[in-house]
Amino acid sequence: MATEQLNVLKALDVAKTQLYHFKAVVIAGMGFFTDAYDLFCIALVTKLLGRIYYTDPALNEPGHLPANVSAAVNGVALCGTLAGQLFFGWLGDKLGRKSVYGFTLILMVLCSIASGLSFGHEAKGVMGTLCFFRFWLGFGVGGDYPLSATIMSEYANKKTRGTFIAAVFAMQGFGILFGTIVTIIVSSAFRHAFPAPPFYINAAASIGPEADYVWRIIVMFGTIPAALTYYWRMKMPETARYTALIAGNTKQATSDMSKVLNKEISEENVQGERATGDTWGLFSRQFMKRHGVHLLATTSTWFLLDVAFYSQNLFQKDIFTKIGWIPPAKTMNALEELYRIARAQALIALCGTVPGYWFTVAFIDIIGRFWIQLMGFTMMTIFMLAIAIPYDYLVKPGHHTGFVVLYGLTFFFANFGPNSTTFIVPAEIFPARLRSTCHGISAATGKAGAIIGAFGFLYASQDQKKPETGYSRGIGMRNALFVLAGTNFLGLLFSLLVPESKGKSLEELSKENVGDDDAIAPAGV
(Lines of atoms letter the chains of each structure in order from A and count residues from 1; the text may use other names and numbers.)
(Lines give C-alpha, C1' and ligand atoms only; values in the text may rest on other atoms or scores of the structure.)
Protein backbone atom coordinates (compact mmCIF):
# COMPACT_ATOMS: atom_id res chain seq x y z
CA MET A 1 0.00 0.00 0.00
CA ALA A 2 1.39 3.42 -0.91
CA THR A 3 2.40 5.80 1.89
CA GLU A 4 2.80 9.54 1.57
CA GLN A 5 6.27 11.06 1.28
CA LEU A 6 7.60 12.80 4.40
CA ASN A 7 7.30 16.60 4.47
CA VAL A 8 11.05 17.12 4.84
CA LEU A 9 11.72 15.00 1.73
CA LYS A 10 9.01 16.82 -0.21
CA ALA A 11 10.68 20.09 0.74
CA LEU A 12 14.04 18.85 -0.58
CA ASP A 13 12.47 17.61 -3.82
CA VAL A 14 10.87 20.96 -4.65
CA ALA A 15 13.53 23.26 -3.16
CA LYS A 16 14.78 26.03 -5.42
CA THR A 17 18.40 25.85 -6.50
CA GLN A 18 20.35 27.87 -3.96
CA LEU A 19 23.75 28.38 -2.36
CA TYR A 20 23.82 25.12 -0.39
CA HIS A 21 23.48 23.10 -3.62
CA PHE A 22 26.60 24.74 -5.06
CA LYS A 23 28.43 24.42 -1.76
CA ALA A 24 27.66 20.68 -1.73
CA VAL A 25 28.95 20.37 -5.30
CA VAL A 26 32.25 22.04 -4.37
CA ILE A 27 32.71 20.01 -1.17
CA ALA A 28 31.96 16.67 -2.83
CA GLY A 29 33.54 17.69 -6.13
CA MET A 30 36.94 18.53 -4.67
CA GLY A 31 37.13 14.97 -3.44
CA PHE A 32 36.61 13.77 -7.00
CA PHE A 33 39.13 16.32 -8.25
CA THR A 34 41.71 14.64 -6.01
CA ASP A 35 40.44 11.17 -6.90
CA ALA A 36 41.08 11.73 -10.60
CA TYR A 37 44.41 13.49 -10.02
CA ASP A 38 45.67 10.64 -7.84
CA LEU A 39 44.42 7.79 -10.05
CA PHE A 40 45.67 9.20 -13.35
CA CYS A 41 48.82 11.17 -12.45
CA ILE A 42 50.72 7.89 -12.11
CA ALA A 43 50.26 7.32 -15.85
CA LEU A 44 52.19 10.54 -16.47
CA VAL A 45 55.26 9.57 -14.44
CA THR A 46 55.69 5.84 -15.16
CA LYS A 47 58.14 6.42 -18.01
CA LEU A 48 60.14 8.76 -15.76
CA LEU A 49 60.17 6.10 -13.03
CA GLY A 50 61.47 3.60 -15.57
CA ARG A 51 64.30 5.93 -16.57
CA ILE A 52 65.30 6.74 -12.99
CA TYR A 53 65.24 3.26 -11.49
CA TYR A 54 65.66 0.82 -14.39
CA THR A 55 68.11 2.41 -16.85
CA ASP A 56 71.05 0.15 -17.66
CA PRO A 57 73.99 2.19 -19.03
CA ALA A 58 75.17 -0.89 -20.93
CA LEU A 59 72.01 -0.90 -23.06
CA ASN A 60 71.23 1.47 -25.90
CA GLU A 61 67.68 2.25 -24.73
CA PRO A 62 66.30 4.28 -21.80
CA GLY A 63 65.06 2.19 -18.91
CA HIS A 64 61.40 1.32 -18.53
CA LEU A 65 59.37 -0.38 -15.84
CA PRO A 66 59.41 -4.19 -16.10
CA ALA A 67 56.07 -5.66 -17.12
CA ASN A 68 55.14 -6.86 -13.63
CA VAL A 69 56.18 -3.59 -11.98
CA SER A 70 54.31 -1.49 -14.54
CA ALA A 71 51.18 -3.57 -14.02
CA ALA A 72 51.48 -3.22 -10.24
CA VAL A 73 52.15 0.54 -10.24
CA ASN A 74 49.28 1.26 -12.64
CA GLY A 75 46.83 -1.24 -11.18
CA VAL A 76 47.35 -1.36 -7.42
CA ALA A 77 45.38 1.84 -6.77
CA LEU A 78 42.49 0.42 -8.79
CA CYS A 79 42.51 -2.69 -6.58
CA GLY A 80 42.39 -0.46 -3.50
CA THR A 81 39.59 1.57 -5.04
CA LEU A 82 37.52 -1.55 -5.65
CA ALA A 83 37.90 -2.62 -2.01
CA GLY A 84 37.14 0.90 -0.75
CA GLN A 85 33.98 1.18 -2.83
CA LEU A 86 32.58 -2.01 -1.35
CA PHE A 87 33.62 -1.27 2.24
CA PHE A 88 32.70 2.41 2.47
CA GLY A 89 29.56 1.90 0.40
CA TRP A 90 28.36 -0.61 3.00
CA LEU A 91 29.58 1.56 5.89
CA GLY A 92 27.77 4.63 4.51
CA ASP A 93 24.45 2.81 4.89
CA LYS A 94 25.30 1.46 8.34
CA LEU A 95 26.87 4.48 10.07
CA GLY A 96 25.66 7.37 7.93
CA ARG A 97 27.07 9.20 4.94
CA LYS A 98 28.66 12.03 6.93
CA SER A 99 30.17 9.75 9.59
CA VAL A 100 32.70 8.22 7.21
CA TYR A 101 32.98 11.06 4.67
CA GLY A 102 35.79 12.88 6.45
CA PHE A 103 37.79 9.69 7.03
CA THR A 104 38.03 8.93 3.30
CA LEU A 105 39.44 12.39 2.64
CA ILE A 106 42.05 12.09 5.41
CA LEU A 107 43.10 8.68 4.05
CA MET A 108 43.48 10.09 0.53
CA VAL A 109 45.57 13.05 1.67
CA LEU A 110 47.90 11.06 3.95
CA CYS A 111 48.48 8.22 1.48
CA SER A 112 49.03 10.61 -1.43
CA ILE A 113 51.75 12.38 0.55
CA ALA A 114 53.22 9.05 1.66
CA SER A 115 53.30 7.86 -1.98
CA GLY A 116 55.55 10.79 -2.83
CA LEU A 117 57.79 10.05 0.13
CA SER A 118 58.34 6.41 -0.86
CA PHE A 119 61.41 5.15 0.96
CA GLY A 120 64.91 4.89 -0.41
CA HIS A 121 66.55 5.38 -3.79
CA GLU A 122 66.68 1.75 -4.92
CA ALA A 123 64.06 0.42 -7.33
CA LYS A 124 62.79 -2.37 -5.08
CA GLY A 125 62.26 -0.16 -2.03
CA VAL A 126 60.70 2.75 -3.92
CA MET A 127 58.34 0.63 -6.02
CA GLY A 128 57.33 -1.53 -3.06
CA THR A 129 56.40 1.39 -0.82
CA LEU A 130 54.83 3.31 -3.73
CA CYS A 131 52.53 0.36 -4.44
CA PHE A 132 51.71 -0.09 -0.74
CA PHE A 133 50.63 3.50 -0.22
CA ARG A 134 48.84 3.70 -3.57
CA PHE A 135 46.70 0.73 -2.58
CA TRP A 136 45.51 2.57 0.54
CA LEU A 137 45.21 5.78 -1.44
CA GLY A 138 42.87 3.89 -3.77
CA PHE A 139 40.99 2.55 -0.74
CA GLY A 140 40.18 6.12 0.30
CA VAL A 141 39.36 7.14 -3.28
CA GLY A 142 36.97 4.20 -3.47
CA GLY A 143 35.02 5.47 -0.48
CA ASP A 144 34.46 8.81 -2.15
CA TYR A 145 32.50 7.27 -5.04
CA PRO A 146 29.40 5.96 -3.20
CA LEU A 147 29.47 8.60 -0.47
CA SER A 148 29.75 11.68 -2.72
CA ALA A 149 27.15 10.38 -5.17
CA THR A 150 24.70 9.44 -2.41
CA ILE A 151 25.13 12.69 -0.48
CA MET A 152 24.60 14.82 -3.58
CA SER A 153 21.57 12.83 -4.74
CA GLU A 154 19.96 13.05 -1.31
CA TYR A 155 20.58 16.80 -0.99
CA ALA A 156 19.44 17.78 -4.49
CA ASN A 157 15.92 18.60 -5.71
CA LYS A 158 14.35 16.24 -8.23
CA LYS A 159 14.36 18.79 -11.05
CA THR A 160 18.13 19.39 -11.15
CA ARG A 161 19.43 16.34 -9.28
CA GLY A 162 21.16 14.91 -12.34
CA THR A 163 22.90 18.21 -13.05
CA PHE A 164 24.34 18.44 -9.55
CA ILE A 165 25.51 14.81 -9.35
CA ALA A 166 27.06 15.22 -12.81
CA ALA A 167 28.78 18.43 -11.68
CA VAL A 168 30.37 16.56 -8.76
CA PHE A 169 31.64 13.88 -11.13
CA ALA A 170 32.75 16.47 -13.69
CA MET A 171 35.38 17.66 -11.24
CA GLN A 172 37.17 14.46 -12.24
CA GLY A 173 37.88 16.07 -15.60
CA PHE A 174 39.48 19.09 -13.95
CA GLY A 175 41.52 16.72 -11.77
CA ILE A 176 42.88 14.95 -14.85
CA LEU A 177 43.63 18.28 -16.56
CA PHE A 178 45.20 19.72 -13.40
CA GLY A 179 47.52 16.70 -13.21
CA THR A 180 48.83 17.40 -16.71
CA ILE A 181 49.24 21.12 -15.97
CA VAL A 182 51.18 20.46 -12.75
CA THR A 183 53.38 17.99 -14.64
CA ILE A 184 54.06 20.51 -17.43
CA ILE A 185 54.95 23.26 -14.94
CA VAL A 186 57.15 21.10 -12.69
CA SER A 187 58.97 19.37 -15.57
CA SER A 188 59.53 22.71 -17.35
CA ALA A 189 60.89 24.34 -14.20
CA PHE A 190 63.36 21.50 -13.57
CA ARG A 191 64.37 21.32 -17.25
CA HIS A 192 65.36 24.95 -17.25
CA ALA A 193 66.99 24.87 -13.82
CA PHE A 194 68.93 21.65 -14.51
CA PRO A 195 69.62 21.25 -18.27
CA ALA A 196 70.44 17.70 -19.39
CA PRO A 197 71.53 16.16 -22.71
CA PRO A 198 69.41 13.63 -24.66
CA PHE A 199 69.85 9.96 -23.82
CA TYR A 200 71.76 9.11 -27.00
CA ILE A 201 74.46 11.67 -26.12
CA ASN A 202 74.90 10.83 -22.43
CA ALA A 203 72.66 8.16 -20.93
CA ALA A 204 73.51 8.85 -17.28
CA ALA A 205 73.40 12.64 -17.52
CA SER A 206 70.05 12.55 -19.41
CA ILE A 207 68.29 11.62 -16.18
CA GLY A 208 69.96 13.81 -13.57
CA PRO A 209 69.55 13.37 -9.79
CA GLU A 210 66.90 16.11 -9.67
CA ALA A 211 64.44 13.98 -11.66
CA ASP A 212 63.73 11.95 -8.51
CA TYR A 213 62.16 15.04 -6.95
CA VAL A 214 59.95 15.72 -9.96
CA TRP A 215 57.71 12.64 -9.80
CA ARG A 216 57.39 12.97 -6.01
CA ILE A 217 56.18 16.58 -6.27
CA ILE A 218 53.69 15.64 -8.98
CA VAL A 219 52.27 12.70 -7.00
CA MET A 220 51.81 14.77 -3.81
CA PHE A 221 50.53 18.05 -5.25
CA GLY A 222 46.93 16.99 -5.88
CA THR A 223 46.18 16.66 -2.16
CA ILE A 224 46.14 20.41 -1.56
CA PRO A 225 42.67 21.32 -2.98
CA ALA A 226 40.96 18.38 -1.26
CA ALA A 227 42.62 19.06 2.10
CA LEU A 228 41.21 22.59 2.03
CA THR A 229 37.63 21.23 1.97
CA TYR A 230 37.96 18.97 5.03
CA TYR A 231 36.49 21.55 7.42
CA TRP A 232 33.37 21.99 5.26
CA ARG A 233 32.91 18.23 4.91
CA MET A 234 32.74 17.99 8.68
CA LYS A 235 30.25 20.88 8.92
CA MET A 236 27.74 19.31 6.50
CA PRO A 237 24.71 17.86 8.30
CA GLU A 238 23.75 14.24 7.71
CA THR A 239 21.40 13.84 4.75
CA ALA A 240 17.70 13.99 5.61
CA ARG A 241 17.02 10.71 3.87
CA TYR A 242 19.50 8.85 6.04
CA THR A 243 18.33 10.55 9.24
CA ALA A 244 14.62 10.07 8.52
CA LEU A 245 14.40 6.85 6.52
CA ILE A 246 17.26 4.84 8.06
CA ALA A 247 17.90 6.30 11.52
CA GLY A 248 14.14 6.95 11.89
CA ASN A 249 14.60 10.44 13.38
CA THR A 250 12.34 12.69 11.32
CA LYS A 251 12.54 15.43 13.94
CA GLN A 252 16.30 15.76 13.52
CA ALA A 253 16.03 15.52 9.73
CA THR A 254 13.44 18.30 9.69
CA SER A 255 15.56 20.49 11.96
CA ASP A 256 18.71 19.97 9.85
CA MET A 257 17.02 20.68 6.54
CA SER A 258 15.15 23.72 7.89
CA LYS A 259 18.57 25.26 8.56
CA VAL A 260 19.99 24.19 5.23
CA LEU A 261 17.00 25.44 3.21
CA ASN A 262 16.47 28.54 5.37
CA LYS A 263 12.76 27.81 5.62
CA GLU A 264 10.34 26.37 8.13
CA ILE A 265 9.35 22.75 7.44
CA SER A 266 6.38 21.31 9.31
CA GLU A 267 7.53 18.60 11.67
CA GLU A 268 6.04 15.10 11.61
CA ASN A 269 5.99 12.74 14.55
CA VAL A 270 6.71 9.61 12.54
CA GLN A 271 8.65 6.65 13.85
CA GLY A 272 9.06 2.95 13.19
CA GLU A 273 8.10 1.42 9.86
CA ARG A 274 6.66 4.64 8.38
CA ALA A 275 9.97 6.44 8.93
CA THR A 276 12.41 3.68 8.22
CA GLY A 277 10.53 2.00 5.36
CA ASP A 278 10.77 -1.72 4.59
CA THR A 279 13.28 -3.94 6.34
CA TRP A 280 14.26 -6.37 3.57
CA GLY A 281 17.95 -6.53 2.70
CA LEU A 282 20.25 -6.74 -0.29
CA PHE A 283 20.05 -10.51 -0.70
CA SER A 284 16.29 -10.80 -0.20
CA ARG A 285 13.68 -11.94 -2.70
CA GLN A 286 11.99 -8.52 -2.44
CA PHE A 287 15.19 -6.72 -3.46
CA MET A 288 15.68 -9.01 -6.44
CA LYS A 289 12.06 -8.50 -7.47
CA ARG A 290 12.24 -4.71 -7.33
CA HIS A 291 15.88 -3.95 -8.11
CA GLY A 292 17.59 -7.08 -9.41
CA VAL A 293 17.48 -5.93 -13.03
CA HIS A 294 18.52 -2.43 -11.95
CA LEU A 295 21.64 -3.79 -10.22
CA LEU A 296 22.47 -5.94 -13.25
CA ALA A 297 22.14 -2.84 -15.46
CA THR A 298 24.34 -0.58 -13.29
CA THR A 299 27.05 -3.18 -12.68
CA SER A 300 27.32 -4.52 -16.24
CA THR A 301 27.40 -1.12 -17.96
CA TRP A 302 29.93 0.33 -15.50
CA PHE A 303 32.12 -2.78 -15.90
CA LEU A 304 32.10 -2.62 -19.70
CA LEU A 305 32.70 1.13 -19.74
CA ASP A 306 35.73 0.96 -17.46
CA VAL A 307 37.36 -1.84 -19.46
CA ALA A 308 37.58 0.61 -22.36
CA PHE A 309 37.91 3.90 -20.47
CA TYR A 310 40.81 2.99 -18.18
CA SER A 311 42.76 1.08 -20.81
CA GLN A 312 42.65 4.22 -22.97
CA ASN A 313 43.38 6.66 -20.14
CA LEU A 314 46.21 4.86 -18.35
CA PHE A 315 48.12 4.03 -21.52
CA GLN A 316 47.70 7.18 -23.60
CA LYS A 317 51.46 7.69 -23.44
CA ASP A 318 52.09 4.29 -25.03
CA ILE A 319 49.55 4.96 -27.78
CA PHE A 320 51.07 8.39 -28.50
CA THR A 321 54.52 6.85 -28.70
CA LYS A 322 53.41 4.07 -31.06
CA ILE A 323 51.73 6.50 -33.47
CA GLY A 324 54.83 8.70 -33.45
CA TRP A 325 53.24 11.74 -31.77
CA ILE A 326 55.99 11.63 -29.14
CA PRO A 327 59.58 11.30 -30.47
CA PRO A 328 61.70 8.19 -29.76
CA ALA A 329 62.76 8.08 -26.10
CA LYS A 330 66.49 8.05 -26.82
CA THR A 331 66.29 11.45 -28.58
CA MET A 332 65.11 13.15 -25.36
CA ASN A 333 66.23 13.50 -21.78
CA ALA A 334 63.99 12.20 -19.00
CA LEU A 335 62.24 15.49 -18.19
CA GLU A 336 61.68 16.43 -21.83
CA GLU A 337 59.90 13.09 -22.36
CA LEU A 338 57.75 13.73 -19.28
CA TYR A 339 56.92 17.23 -20.55
CA ARG A 340 55.90 15.95 -23.99
CA ILE A 341 53.71 13.17 -22.53
CA ALA A 342 51.96 15.66 -20.23
CA ARG A 343 51.45 18.14 -23.08
CA ALA A 344 49.87 15.48 -25.29
CA GLN A 345 47.56 14.28 -22.52
CA ALA A 346 46.64 17.87 -21.62
CA LEU A 347 45.46 18.42 -25.21
CA ILE A 348 43.23 15.33 -25.06
CA ALA A 349 41.87 16.37 -21.66
CA LEU A 350 41.21 19.94 -22.74
CA CYS A 351 39.58 19.11 -26.07
CA GLY A 352 37.81 15.84 -25.28
CA THR A 353 37.66 14.84 -21.62
CA VAL A 354 36.65 18.07 -19.83
CA PRO A 355 34.06 19.28 -22.40
CA GLY A 356 32.40 15.85 -22.35
CA TYR A 357 31.82 16.03 -18.59
CA TRP A 358 30.27 19.49 -18.78
CA PHE A 359 28.06 18.65 -21.74
CA THR A 360 26.58 16.00 -19.45
CA VAL A 361 26.07 18.61 -16.72
CA ALA A 362 24.27 20.84 -19.21
CA PHE A 363 22.00 18.20 -20.78
CA ILE A 364 21.48 15.42 -18.22
CA ASP A 365 18.16 16.82 -16.96
CA ILE A 366 17.01 17.71 -20.48
CA ILE A 367 17.87 14.62 -22.52
CA GLY A 368 17.84 12.16 -19.63
CA ARG A 369 20.25 9.52 -18.35
CA PHE A 370 19.12 6.68 -20.60
CA TRP A 371 19.54 8.48 -23.91
CA ILE A 372 22.87 10.07 -22.98
CA GLN A 373 24.27 6.67 -21.99
CA LEU A 374 22.95 5.02 -25.14
CA MET A 375 24.34 7.80 -27.33
CA GLY A 376 27.72 7.69 -25.56
CA PHE A 377 28.26 3.97 -26.01
CA THR A 378 27.12 4.20 -29.64
CA MET A 379 29.54 7.00 -30.50
CA MET A 380 32.40 5.36 -28.59
CA THR A 381 31.86 2.20 -30.65
CA ILE A 382 31.78 4.16 -33.91
CA PHE A 383 34.90 6.22 -33.20
CA MET A 384 36.87 3.25 -31.90
CA LEU A 385 36.10 1.41 -35.15
CA ALA A 386 37.01 4.58 -37.08
CA ILE A 387 40.46 4.38 -35.45
CA ALA A 388 40.92 0.60 -35.66
CA ILE A 389 39.91 0.00 -39.29
CA PRO A 390 42.36 2.49 -40.89
CA TYR A 391 44.88 2.18 -38.01
CA ASP A 392 47.87 1.38 -40.24
CA TYR A 393 47.12 4.51 -42.29
CA LEU A 394 46.53 6.79 -39.29
CA VAL A 395 49.86 5.94 -37.62
CA LYS A 396 51.89 6.94 -40.66
CA PRO A 397 53.73 10.29 -40.52
CA GLY A 398 51.46 13.15 -41.57
CA HIS A 399 48.24 11.46 -40.49
CA HIS A 400 48.61 11.74 -36.71
CA THR A 401 46.14 14.62 -36.47
CA GLY A 402 43.31 12.41 -37.68
CA PHE A 403 44.18 9.77 -35.10
CA VAL A 404 44.28 12.30 -32.26
CA VAL A 405 40.95 13.88 -33.29
CA LEU A 406 39.17 10.53 -33.40
CA TYR A 407 40.83 9.44 -30.17
CA GLY A 408 39.75 12.68 -28.47
CA LEU A 409 36.17 12.16 -29.65
CA THR A 410 36.03 8.75 -27.95
CA PHE A 411 36.89 10.51 -24.68
CA PHE A 412 34.35 13.24 -25.33
CA PHE A 413 31.51 10.73 -25.78
CA ALA A 414 32.73 8.59 -22.91
CA ASN A 415 32.25 11.57 -20.60
CA PHE A 416 29.21 12.97 -22.40
CA GLY A 417 27.87 9.48 -22.01
CA PRO A 418 28.35 6.39 -19.84
CA ASN A 419 31.32 7.54 -17.77
CA SER A 420 28.99 10.13 -16.20
CA THR A 421 25.67 8.31 -16.28
CA THR A 422 27.01 5.09 -14.73
CA PHE A 423 28.00 7.22 -11.74
CA ILE A 424 24.67 9.08 -11.52
CA VAL A 425 22.02 6.37 -11.95
CA PRO A 426 23.03 4.06 -9.04
CA ALA A 427 22.74 7.02 -6.65
CA GLU A 428 19.08 7.49 -7.64
CA ILE A 429 17.29 4.20 -8.20
CA PHE A 430 17.97 2.15 -5.04
CA PRO A 431 16.29 2.52 -1.60
CA ALA A 432 17.94 4.82 0.95
CA ARG A 433 19.10 2.07 3.30
CA LEU A 434 20.89 0.28 0.41
CA ARG A 435 21.71 3.27 -1.81
CA SER A 436 25.35 3.69 -0.80
CA THR A 437 25.91 -0.08 -0.76
CA CYS A 438 24.46 -0.60 -4.25
CA HIS A 439 26.40 2.36 -5.62
CA GLY A 440 29.55 0.87 -4.10
CA ILE A 441 28.82 -2.53 -5.67
CA SER A 442 28.20 -0.91 -9.07
CA ALA A 443 31.36 1.19 -8.83
CA ALA A 444 33.45 -1.78 -7.62
CA THR A 445 32.26 -3.84 -10.58
CA GLY A 446 33.37 -0.96 -12.76
CA LYS A 447 36.81 -0.98 -11.15
CA ALA A 448 37.04 -4.72 -11.80
CA GLY A 449 36.58 -3.76 -15.44
CA ALA A 450 39.23 -1.06 -15.06
CA ILE A 451 41.71 -3.60 -13.67
CA ILE A 452 41.02 -5.99 -16.54
CA GLY A 453 41.31 -3.11 -19.01
CA ALA A 454 44.52 -1.76 -17.50
CA PHE A 455 46.32 -5.10 -17.24
CA GLY A 456 44.77 -6.64 -20.33
CA PHE A 457 45.45 -3.71 -22.64
CA LEU A 458 49.07 -3.50 -21.44
CA TYR A 459 49.72 -7.05 -22.62
CA ALA A 460 47.21 -7.38 -25.47
CA SER A 461 48.44 -4.28 -27.32
CA GLN A 462 51.99 -5.66 -27.62
CA ASP A 463 53.21 -6.17 -31.16
CA GLN A 464 52.55 -9.62 -32.59
CA LYS A 465 56.11 -9.93 -33.89
CA LYS A 466 58.28 -7.62 -31.76
CA PRO A 467 56.87 -7.00 -28.26
CA GLU A 468 58.55 -4.67 -25.80
CA THR A 469 61.26 -6.09 -23.55
CA GLY A 470 59.74 -8.17 -20.76
CA TYR A 471 56.40 -8.70 -22.51
CA SER A 472 55.08 -11.66 -24.47
CA ARG A 473 53.55 -11.25 -27.90
CA GLY A 474 50.09 -9.68 -27.92
CA ILE A 475 47.39 -9.23 -30.51
CA GLY A 476 48.72 -5.80 -31.53
CA MET A 477 47.38 -2.28 -31.03
CA ARG A 478 44.94 -2.46 -33.95
CA ASN A 479 43.29 -5.67 -32.77
CA ALA A 480 43.23 -4.37 -29.19
CA LEU A 481 41.24 -1.36 -30.42
CA PHE A 482 38.76 -3.72 -32.14
CA VAL A 483 38.30 -5.51 -28.80
CA LEU A 484 37.58 -2.17 -27.10
CA ALA A 485 35.04 -1.35 -29.82
CA GLY A 486 33.30 -4.66 -29.12
CA THR A 487 33.31 -3.91 -25.40
CA ASN A 488 31.62 -0.58 -26.05
CA PHE A 489 28.98 -2.29 -28.18
CA LEU A 490 28.19 -4.72 -25.35
CA GLY A 491 27.82 -1.70 -23.06
CA LEU A 492 25.28 -0.31 -25.53
CA LEU A 493 23.23 -3.50 -25.34
CA PHE A 494 23.22 -3.67 -21.53
CA SER A 495 22.26 0.02 -21.38
CA LEU A 496 18.82 -1.00 -22.61
CA LEU A 497 18.20 -2.28 -19.05
CA VAL A 498 18.93 1.10 -17.43
CA PRO A 499 15.82 2.92 -16.10
CA GLU A 500 15.21 6.62 -16.72
CA SER A 501 15.32 8.60 -13.46
CA LYS A 502 14.95 12.16 -14.79
CA GLY A 503 12.51 14.35 -12.87
CA LYS A 504 11.39 11.70 -10.36
CA SER A 505 11.81 11.72 -6.58
CA LEU A 506 14.20 9.21 -5.03
CA GLU A 507 11.31 7.59 -3.16
CA GLU A 508 9.32 7.18 -6.37
CA LEU A 509 12.30 5.59 -8.12
CA SER A 510 13.17 3.22 -5.30
CA LYS A 511 9.49 2.50 -4.49
CA GLU A 512 10.11 3.16 -0.79
CA ASN A 513 6.60 4.53 -0.43
CA VAL A 514 4.85 1.41 -1.75
CA GLY A 515 4.34 -2.02 -0.25
CA ASP A 516 5.38 -5.30 -1.85
CA ASP A 517 1.97 -5.78 -3.42
CA ASP A 518 2.21 -2.41 -5.15
CA ALA A 519 5.72 -2.93 -6.46
CA ILE A 520 5.93 -3.12 -10.20
CA ALA A 521 8.50 -4.26 -12.68
CA PRO A 522 11.70 -2.22 -13.11
CA ALA A 523 11.05 1.24 -14.49
CA GLY A 524 11.22 1.61 -18.22
CA VAL A 525 12.77 4.40 -20.14
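Glycine residues also receive a Cβ, built from the backbone N, Cα and C atoms like all the rest.
Fair warning: this is a prediction, and the values are worked out from it, not measured in the lab.
Listed in TrEMBL for this protein:
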TRANSMEM  20-45  transmembrane segment
DOMAIN    24-503  domain 'Major facilitator superfamily (MFS) profile'
TRANSMEM  65-88  transmembrane segment
TRANSMEM  100-119  transmembrane segment
TRANSMEM  164-190  transmembrane segment
TRANSMEM  213-232  transmembrane segment
TRANSMEM  346-364  transmembrane segment
TRANSMEM  370-391  transmembrane segment
TRANSMEM  403-427  transmembrane segment
TRANSMEM  439-460  transmembrane segment
TRANSMEM  480-498  transmembrane segment
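Long-range contacts of the transmembrane segment (213-232) within the same chain, counting only residues at least 6 positions beyond its ends with a Cβ under 8 Å from a Cβ of the stretch, are 23, 26-27, 30-31, 33-34, 37-38, 41-42, 44-45, 48-49, 52, 102, 105-106, 108-109, 112-113, 115-118, 175, 178-179, 182-183, 186-187, 190, 335, 338.
For the transmembrane segment (403-427), the list of distant contacts is 145-146, 149-150, 152-153, 162, 165-166, 169-170, 173, 297-298, 301-302, 305, 308-309, 312, 319, 323, 325, 347-348, 351-357, 359-360, 363-364, 369, 372-373, 375-377, 379-380, 383-384, 386-387, 394-395, 435, 438-439, 442-443, 446, 491, 495, 498-499, 501: same-chain residues at least six beyond its ends, Cβ to Cβ under 8 Å. Non-local neighbours of the transmembrane segment (370-391) in the same chain are 301, 305, 308, 360, 363-364, 403, 406-407, 409-410, 413-414, 416-422, 425, 477-479, 481-482, 484-485, 488-489, 491-492, 495-496, 498-500, 525; each lies 6+ residues outside the stretch with a CB under 8 Å from one of its CB atoms. Computed over the domain 'Major facilitator superfamily (MFS) profile' (24-503), the whole-number mean pLDDT of the model equals 87. Tertiary proximity for the transmembrane segment (20-45) is limited to same-chain residues at least six positions away from its ends with a CB under 8 Å from its CB atoms, namely 73-74, 77-78, 81, 104-105, 108-109, 112, 134, 137-138, 141, 144-145, 148, 151-152, 155-157, 160, 164, 167-176, 178-180, 182-183, 214-215, 218-219, 221-223, 225-226, 228-229, 232-233, 236, 260-261, 313-317, 338, 341-342, 345. Across 346-364, 439-460, 480-498, the stretch most heavily in contact with the transmembrane segment (65-88), judged by Cβ pairs under 8 Å, is 439-460.
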